[in-house]
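According to TrEMBL:
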| type | residues | note |
| --- | --- | --- |
| BINDING | H213, D215, H269 | Fe cation binding site |
| DOMAIN | 194-329 | domain 'Fe2OG dioxygenase' |
Amino acid sequence: MAASMVQSGEDAFRKIFKFYKRRNPPPDFSDVIDFSRGEPSDKVVAVKLEPGAVSDVEAARVGLQPVRNWKAFSLQGYPGFIFIPNPFLLGSQPFWVRQCLKIYTQKPNVCNLDMHMSASDTQDIWGKSIHGLSFPPSAKREAKTLLERLRWVTLGYHYNWDTKTYSANHYTPFPAELHLLSVQITAACGFPRFISEAGILNYYRSDSSLGIHVDESELDHSRPLLSLSFGQSAIFLLGGTCRQDPPTAMYMHSGDVMVLSGQSRLLYHAVPRIVPAPQGCASLDMNSHSLDSTLQEHTVLEPVSDQDWAVCSKYIQSSRVNVTIRQVLGPGQNFPETFSTSHPRNEGDQTVERGLADGAFLKRKRSNSCDCVDTVQT
Ligand SMILES: O=C(O)CCC(=O)C(=O)O
Ligand SMILES: [Mn+2]
């Protein structure tokens, strides 16, 4: 049992992170909570959502089931933590996967590859990768495609990994359809008027992990942080306000949604391991990408062509994409004077700000302190 391995006073989070990251011998996964089973237990509690906040038509427009059909859970001792196992309509995830791989990777969005490549080289990550990705797995390829080397993309207010801040003068328009999806999910969770101002997409290969961190760079922590996952599954660890608090391990499968709000908004978390999606995961099925025609009328979901889906499904057979959406500023709030410019939203300067290394381990600054939440990434 992972939590019982740690002794009081030590960095329990780090110990459990290493436990789940270990390759040889592989860890025992029997303590990992699987919300897709849909069963409340001594740790898992059902959460009531607000079905009236989102009409069935609004939900379907962005590829979501009617809210009354969603299941939602929290964890004992984590108020404000909401986990919604795959609320997407069958056949709608391929659109979101395609957006993450083909659309959100385009300029002016910023990515890890900008760190050591020219703007023209990172101009068309998708277009430059599709040929290489089409090779059968047995064929030996010289170099990895850009998509295979992609680790993160930022949207909206671009997170600066060095200063761990957002700033008014590095903003590019947030994708409208992703904002719409975020608004529907957060409204159903009891947070009306959510404004999607910053997004971080993390692209995980099968051996990637994401270090222990707290998302605290947003200026208003009363707004929820929304997380969406597609492709292969992950072990996600949710800890406390101190590194000494042993984290709870849970699976995140394709389509799963997580909301960190209230007291859970500033908790330590990490992804120590990517694990294969469960057998028969419908969202990864090549044949499930054509959306029911009755839903197509008002949808923001453009059809995904067979060619595009062939590339996407190839990529997500061994990868996971996670999207976190953040409201940075509270209502009426501005960036501190030193960061502000006269017109923050339209004049995004194109300076490339980067911080994360291009490597399988998406490392973020760590802290061993228990005094306060003093780590760090966003
Ligand atoms: O990949 C995940 O599930 C977590 C991502 C995350 O914590 C982040 O981007 O801040
Ligand atoms: Mn995070």
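The first residue you see is number 1, and the count goes up from there.
Including glycine, each Cβ sits where the backbone N, Cα and C put it.
In this view, H213 (Fe cation binding site) is surrounded by 20 other Cβ atoms within 10 Å of its Cβ, with every protein chain counted. Mapped onto DSSP classes, the domain 'Fe2OG dioxygenase' (194-329) shows 23 helix, 50 strand, 63 coil. For D215 (Fe cation binding site), other Cβ atoms within 10 Å of its Cβ number 24.
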